[in-house]
Amino acid sequence: MKTNELKRLVARKVVDYINPGSVIGIGTGSTVSYFIEVLSTIKNLISGAVSSSNFSTACLKRIGIPIYDLSKINSLVLYIDSADEINPQLQMIKGGGAALTREKIIAATAEKFICIADESKQVEILGKVPLPIEIIPMARSYISNEIIKIGGMPKYRKNVITDNGNVIIDVFNLVITDPVCLENKINSFPGVVSVGLFATRKADIALIGTSSGVQVIY
């Protein structure tokens with residue numbers, strides 16, 4: 001099966017985990033876009049959504065899904081998002097779409113976090129893809145130097161401003177053997193808004209699209 005077909009497969013499967021009438025959190029990315037397509041055919045299943053990005057918000061509004069402000073709802077039962085990489089412990093690298101900070105906030109709020117991805121995103125050790133860091137613009141040089149000290153190769157993501165008005169540094173050349181430790185270390189640098197390691201708050205369930213069907217990992 002082609003990658004896009006695998007993404008559609010998990011996008012359809014995750015519907016089984018939605019409580020009818022609930023407000024759900026929705027992330028950002030190509031696999032999530034397929035999930036939003038699925039929602040367009042069953043939009044009465046949910047009451048509305050909390051969105052992690054302006055892009056996803058626009059897509060959801062286009063199909064008539066009400067958008068809720070996270071700060072104005074009492075609880076969020078479910079958050080559905082994709083990943084750039086995911087390891088066997090369900091820790092992830094996310095942020096290729098520059099929405100990592102809002103994704104982290106929604107993930108931290110949700111009772112359950114389901115990651116939907118195709119099998120190409122599975123790795124034993126995180127770090128094959130660059131690790132995004134959202135930073136305050138004036139901290140760019142400082143944080144780049146700190147990243148070099150820990151063995152990373154920082155690269156400024158040109159022509160990208162996040163929905164929060166910040167910039168992104170992508171970090172190459174990392175072999176992330178202790179994701180929680182690295183997440184905490186990078187978050188401690190002044191000027192870091194958020195790092196795209198989802199290790200402390202990892203996924204609760206992963207639905208992985210494979211050529212033999214959907215693999216469910218807890």
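Glycine residues also receive a Cβ, built from the backbone N, Cα and C atoms like all the rest.
Since the structure is predicted, the reported quantities are computational estimates derived from the model, not experimental observations.
Residues or ranges marked as substrate binding site by Swiss-Prot: THR28, GLY29, SER30, THR31, ASP81, SER82, ALA83, ASP84, LYS94, GLY95, GLY96, GLY97, LYS121. What Swiss-Prot records for GLU103 is active site, proton acceptor.
The structure, with features from Swiss-Prot marked on it.
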residue: THR28; record: substrate binding site; contacts (Cβ under 8 Å, 6+ apart): SER52, SER53, PHE55, SER56, ASP81, SER82, GLY97, ALA99, GLU103
residue: SER30; record: substrate binding site; contacts (Cβ under 8 Å, 6+ apart): LYS7, SER82
residue: ALA83; record: substrate binding site; contacts (Cβ under 8 Å, 6+ apart): MET92, ILE93, LYS94, CYS115, ALA117, LYS121, PHE198, ALA203
residue: GLY96; record: substrate binding site; contacts (Cβ under 8 Å, 6+ apart): GLY29, ASP84, VAL129, PRO132
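When secondary structure is read from DSSP and collapsed to three states, LYS94 (substrate binding site) falls in the coil class.
What surrounds the substrate site, by Cβ distance within 8 Å of the Cβ centroid and not counting THR28, GLY29, SER30, THR31, ASP81, SER82, ALA83, ASP84, LYS94, GLY95, GLY96, GLY97, LYS121, is the set GLY27, VAL32, ALA117 from the same chain.
Whole-number maximum of the Cα to Cα distances across the substrate-binding residues THR28, GLY29, SER30, THR31, ASP81, SER82, ALA83, ASP84, LYS94, GLY95, GLY96, GLY97, LYS121: 15 angstrom. By a simple count of nearby Cβ atoms, those within 10 Å, the most crowded of the binding-site residues LYS94, LYS121 is LYS94.
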